[in-house]
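Everything on this sheet refers to the single structure shown next.
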Protein chains: 2
Amino acid sequence: MAKLQSEYSLDTSAHLRDAPLSNQSFPGSHKIYVEGDGRSHNVKVGMREIELSPTIHANGRVEFNAKLRVYDTSGPYTDPKQIMDVYAGLQPLRNDWIESRGDTTELQQSTSEYARQREQNIALEALRLHRRRLSRRAISGANVSQMHYARRGIITPEMEYVAIRENLGLSYQSLEQAKSEHHSGQSFGACIPTMITPEFVRSEIAAGRAVLPCNVNHPESEPMIIGRNFRVKVNANIGNSAVTSSIPEEVDKMIWATRWGADTLMDLSTGDNIHETREWIIRNSPVPVGTVPLYQALEKVGGIAEDLTWEIYRDTLIEQAEQGVDYFTIHAGVRLAFIPMTAKRLTGIVSRGGSIMAKWCLAHHQESFLYTHFEDICAIMKAYDVSFSLGDGLRPGSIADANDEAQFAELRTLGELTKIAWKHDVQTFIEGPGHVPMNLIRENMEEQLKHCHEAPFYTLGPLTTDIAPGYDHITSGIGAALIGWYGCAMLCYVTPKEHLGLPNKEDVKQGLITYRIAAHAADLAKGHPAAQLHDNAMSKARFEFRWQDQFNLALDPDTARAYHDETLPKEGHKAAHFCSMCGPKFCSMKISQEVRATAEDNEEALKKKAEEFRQQGGEIYLSTPGQDEVLL
Amino acid sequence: MAKLQSEYSLDTSAHLRDAPLSNQSFPGSHKIYVEGDGRSHNVKVGMREIELSPTIHANGRVEFNAKLRVYDTSGPYTDPKQIMDVYAGLQPLRNDWIESRGDTTELQQSTSEYARQREQNIALEALRLHRRRLSRRAISGANVSQMHYARRGIITPEMEYVAIRENLGLSYQSLEQAKSEHHSGQSFGACIPTMITPEFVRSEIAAGRAVLPCNVNHPESEPMIIGRNFRVKVNANIGNSAVTSSIPEEVDKMIWATRWGADTLMDLSTGDNIHETREWIIRNSPVPVGTVPLYQALEKVGGIAEDLTWEIYRDTLIEQAEQGVDYFTIHAGVRLAFIPMTAKRLTGIVSRGGSIMAKWCLAHHQESFLYTHFEDICAIMKAYDVSFSLGDGLRPGSIADANDEAQFAELRTLGELTKIAWKHDVQTFIEGPGHVPMNLIRENMEEQLKHCHEAPFYTLGPLTTDIAPGYDHITSGIGAALIGWYGCAMLCYVTPKEHLGLPNKEDVKQGLITYRIAAHAADLAKGHPAAQLHDNAMSKARFEFRWQDQFNLALDPDTARAYHDETLPKEGHKAAHFCSMCGPKFCSMKISQEVRATAEDNEEALKKKAEEFRQQGGEIYLSTPGQDEVLL
């Protein structure tokens with residue numbers, strides 16, 4: 001339960017205060033902090049460690065099962081030792097690193113005119129956090145992007161953090177051991193080393209193959225990396241719309257999303273008070289936050305796309321960069337000439353940003369200001385280390401429209417823009433579709449790698465069929481797993497409400513679990529050295545009927561336990577050598593344990609054993625407490 | 001609501017009587033019956049037709065949208081014109097066809113000794129259906145399998161039925177048209193013709209590439225076909241276990257499963273009264289029913305695997321064949337020599353049938369009686385037209401064990417057995433795993449095609465990771481979509497309760513919807529000529545804001561509607577040109593419609609239009625009733 005330090009002053013505060021999620025660790029798990037070598041930086045990487053019970057063999061031998069470390073996106077919210085205060089925000093763990101670089105300066109006031117207006121508006125006092133902070137910006141002429149450091153050969157503490165995190169803090173020997181026991185995978189050109197070193201992180205960022213999104217104004221964020229030579233990541237979209245939801249609901253959803261595995265979050269708010277909603281989310285978010293600045297810019301012009309101007313948009317970029325947004329979706333590839341290519345589509349343009357820009361371009365019959373001012377945007381990005389997420393405004397919105405002329409014309413433009421961004425050492429990744437049948441997914445990945453020079457790919461699904469609204473987490477989870485395997489670096493989740501409504505907390509969780517499955521299935525298929533450790537721990541617990549361990553090892557321990565307990569609720573059943581699916585007589589796992597005991601020896605001994613087995617009555621599996629009760 | 005003709009005498013009858021599913025058509029849908037050419041047989045194929053509302057264009061033009069036909073597994077249960085009586089069972093639509101062939105005879109009593117005992121047991125009267133039927137068997141020396149007819153060049157009414165069903169009763173022209181508008185797909189060697197003819201069905205069955213499961217004792221079943229040159233099918237497992245559930249619950253689940261798209265059902269009951277449970281299920285099932293006869297045989301010997309004998313097993317096969325089971329899972333590939341190969345596995349043997357036979361083989365140190373008596377089994381199969389589902393008793397139960405020596409040794413044996421079955425003209429398909437990482441799935445399909453001579457493949461999932469109990473419909477739905485695309489003919493569903501407990505009705509539905517998604521995604525990816533019609537109808541309805549049509553076209557209309565109504569419940573919102581995800585100002589679909597109207601013309605006219613567009617205020621989308629209310 002969250003230990004809030006003061007009363008929450010917003011109307012729907014009860015919603016946040018009562019959230020049963022904050023500061024609660026996962027069952028059977030502890031938060032640990034793995035330290036770096038300490039030579040240069042004070043790096044401590046939070047991870048989750050799942051305790052496992054011992055195996056008791058038939059002969060009475062007790063086998064110790066090592067704790068399993070898992071990648072953890074939940075930040076301090078799953079560490080009961082931390083005292084949380086959503087009014088103050090999280091501790092800024094990166095502050096010292098940023099300051100010590102000496103290339104940023106604190107601003108006495110916001111550079112954005114709009115931000116200053118909001119900050120000076122007394123009517124908004126009730127919506128403000130208690131702790132104020134001063135924004136930072138690069139000193140004149142400086143470039144504070146991780147890519148800029150990487151290209152100058154500098155390994156930042158952020159890079160060191162990421163390396164430890166990707167390895168789960170394991171030693172080279174442990175990773176080598178893990179790798180040797182696993183399937184080797186098929187990587188489609190990805191090259192994941194056995195151990196991720198800080199130097200490898202640096203070189204991947206320098207090459208543009210990976211992005212470490214970390215705005216100097218979001219020091220609360222725990223560094224993470226997006227690239228196909230790293231673990232596949234998952235993004236969750238949150239944010240209110242004009243129709244529904246409030247600030248506390250969105251903060252609550254943010255914490256909830258990081259609990260269930262969101263590596264980054266996009267705040268897609270389009271309703272009232274989006275400046276303040278964003279401030280709450282960023283100050284409390286342990287993961288990078290992305291936005292689509294165009295949404296807020298459009299709000300500023302009353303929702304009339306044609307009234308958008310570069311000046312309003314530019315002010316919005318600076319406003320959000322100084323709040324700490326880590327990456328901006330910018331639909332700069334929607335060029336005037338491509339718009340007529342969408343006319344014959346079944347579903348036209350389905351990206352909000354894409355359609356807004358298309359409307360602007362047509363109304364003015366001009367090239368998009370995002371395209372014409374792209375280098376001006378780069379200048380802003382590098383002053384705060386905001387990363388580009390180059391938006392796919394012309395992505396297909398239906399199976400029928402997949403991989404068409406409009407989509408690939410835009411993709412090639414995004415590749416050209418990537419080159420420009422890299423000229424400025426601005427970190428860049430590329431957004432992708434959308435709705436694509438399975439057989440056309442690989443072409444998406446190959447075209448992206450080719451035209452975007454291996455910049456990381458970040459796709460929405462893709463949905464592999466259009467016919468199942470209400471289940472689009474699943475239609476798209478299939479596509480996400482596939483494109484993750486082929487090399488997509490980050491998967492933007494889709495919830496069950498896609499195409500139907502705004503997701504609630506349960507939808508956010510369903511979307512995230514589905515996408516964690518997709519990302520993990522992709523890591524396994526690519527042959528990630530440490531991925532199969534988790535599967536093997538689960539399978540061993542399953543074969544040995546360690547039910548508590550099975551629950552604790554599950555991506556969603558609460559649901560696994562609840563489903564089991566629906567039919568076998570008693571505590572004694574947790575030691576049972578069967579479940580309700582087959583009952584005791586038909587449990588293959590139970591019989592298989594007996595078979596193994598018999599078959600382990602060589603062919604000659606087999607016959608003898610078979611005889612013994614018959615004489616014993618053929619029932620040699622382990623007796624454990626509570627078992628008699630259930631076997632009656 | 002089911003119109004039951006009499007009171008249901010079982011204890012939990014209320015459960016069945018109150019089921020809100022029977023005889024209720026899907027919203028906006030009608031049952032239609034497409035007739036054959038009538039030259040030889042009285043073939044009427046039930047299908048579902050979804051009515052669509054017209055499109056009203058901005059210029060006032062009304063565009064008619066053709067009804068969409070969809071493949072329908074629900075039989076008479078979604079036809080409100082039918083009067084249902086679960087005590088009597090369904091009308092036996094295939095009776096005349098079977099009789100007219102003149103190669104079967106009615107039996108005055110069951111051939112199985114066990115069946116006779118059950119039938120004569122007065123204590124079981126309360127568990128019987130009201131309508132009794134006499135079983136049929138081939139006359140002496142006859143072979144009544146569809147494969148036998150097919151190989152003699154005979155096109156049966158069942159084959160004609162299947163052809164119409166696969167084509168959705170569409171004309172060659174319509175199918176040619178559909179195909180020309182769709183993605184072409186990637187079929188990995190599958191060859192799906194534009195139109196399925198009865199002769200094509202015959203030739204595929206004759207070649208062993210397809211199976212039409214239709215026991216002469218299950219005349220209630222609507223013919224369907226399993227083969228990679230046809231639509232990908234889905235099987236649902238139902239059945240009680242010793243721990244939970246009753247006959248009415250299982251009948252209810254059966255009806256429920258066919259409503260949500262089960263192409264076949266497996267009755268995996270292992271508890272009490274499995275003979276009677278099976279009778280209820282078969283008499284009321286519009287889809288083929290499969291079983292694992294070993295489960296019942298084991299019950300007959302008190303659960304002691306070593307006490308199983310060929311004689312008890314043989315009597316069980318005949319008992320079930322005379323009840324009407326359409327396919328038997330038979331784990332005849334679990335050979336003695338393969339068992340030690342499982343000793344080093346992480347999870348041993350996880351197939352129930354496989355582990356039972358392994359235990360038997362070890363205890364007797366003999367080759368399995370399923371293997372040694374395989375030709376005796378063939379003799380039984382062809383006397384009733386029961387199809388083989390050759391079980392994969394050594395399938396992997398974890399990612400770690402995928403594609404190992406034991407699994408492939410068994411697969412090659414299944415290939416040998418297929419050849420023997422085909423020698424007897426017995427229809428045969430092959431079961432497959434299980435737990436397989438994505439990168440190893442294709443090898444499964446390729447090895448199966450190679451070693452089993454293109455006999456249809458029927459896999460359980462496969463699960464692509466082990467770490468998400470509670471979500472194994474999703475971990476396995478990913479694998480199912482992939483292997484379906486690669487050529488797997490039927491996908492055995494996995495429910496959210498897999499590894500945890502026995503599925504309830506909601507779990508059955510979740511499993512089925514997930515697998516219908518997987519099967520359809522596979523059909524799309526293979527390039528099935530008519531598959532994309534459904535996606536296109538949905539996408540057009542989506543682009544045109546026809547909300548009612550979107551709900552009605554959804555695989556699960558109830559959930560789609562409920563999710564939409566959670567945030568926008570009013571009827572007026574069903575005509576709204578937005579949803580709650582983005583609200584009215586940010587709706588890309590709405591903006592895109594405006595863009596389309598503007599961009600459809602050529603480049604020269606574009607500038608002029610852009611000017612007009614500005615002058616109009618840039619808001620030219622359609623005004624429909626109820627819209628003003630929501631746009632305020």
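Using N, Cα and C of the backbone, Cβ positions are placed for all residues, glycine too.
According to TrEMBL, the substrate binding site annotation covers A:Asn237, A:Met266, A:Tyr295, A:His331, A:Ser351, A:Arg352, A:Gly353, A:Asp392, A:Gly393, A:Leu394, A:Arg395, A:Glu431, A:Tyr458. A C-beta separation below 8 Å, combined with a sequence spacing of at least six in one chain, links A:Ser351 (substrate binding site) to A:His331, A:Gly391, A:Asp392, A:Gly393, A:Leu394, A:Arg395.
The Zn(2+) binding site annotation in TrEMBL covers A:His435, A:His499. Secondary structure from DSSP puts A:His499 (Zn(2+) binding site) in coil. Within its own chain, A:His499 (Zn(2+) binding site) has A:Pro469, A:Asp472 as residues 6 or more apart in sequence whose C-beta sits under 8 angstroms from its own.
Secondary structure at A:Cys587 ([4Fe-4S] cluster binding site), taken from DSSP and collapsed to helix, strand or coil, is coil. According to TrEMBL, the feature [4Fe-4S] cluster binding site maps to A:Cys579, A:Cys582, A:Cys587.
Positions annotated as domain 'ThiC-associated' by TrEMBL: A:26-104.
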Interface-proximal binding-site residues, chain B, C-beta separation under 8 A, candidates A:Ser351, A:Arg395, A:Tyr458 | A:Ser351
Here the binding-site residues are A:Gly353, A:Gly393, A:Arg395, A:Tyr458, A:Cys587; the one whose Cβ sees the most other Cβ atoms within 10 Å is A:Gly393
Cα-Cα separation of A:Asn237 (substrate binding site) and A:His435 (Zn(2+) binding site), in Å?
-> 17
Please work out the number of neighbouring Cβ atoms within 10 Å of the Cβ of A:Asn237 (substrate binding site), leaving out its own Cβ.
-> 23
Name the residues of the same chain, 6+ apart in sequence, whose Cβ is under 8 Å from the Cβ of A:Tyr295 (substrate binding site)?
-> A:Leu268, A:Ser269, A:Thr270, A:Ile274, A:Arg352, A:Gly353
Number of helical, extended and coil residues in the domain 'ThiC-associated' (A:26-104), per DSSP = 11 helix, 22 strand, 46 coil
A:Tyr295 (substrate binding site) falls, by DSSP collapsed to helix, strand or coil, into helix
Taking A:Asn237, A:Met266, A:Tyr295, A:His331, A:Ser351, A:Arg352, A:Gly353, A:Asp392, A:Gly393, A:Leu394, A:Arg395, A:Glu431, A:Tyr458 as the record's substrate-binding set, what's the max Cα pairwise distance in Å, rounded to a whole number?
-> 20
In the domain 'ThiC-associated' (A:26-104), averaged pLDDT is 93
DSSP, reduced to three states, assigns A:Gly353 (substrate binding site) to helix
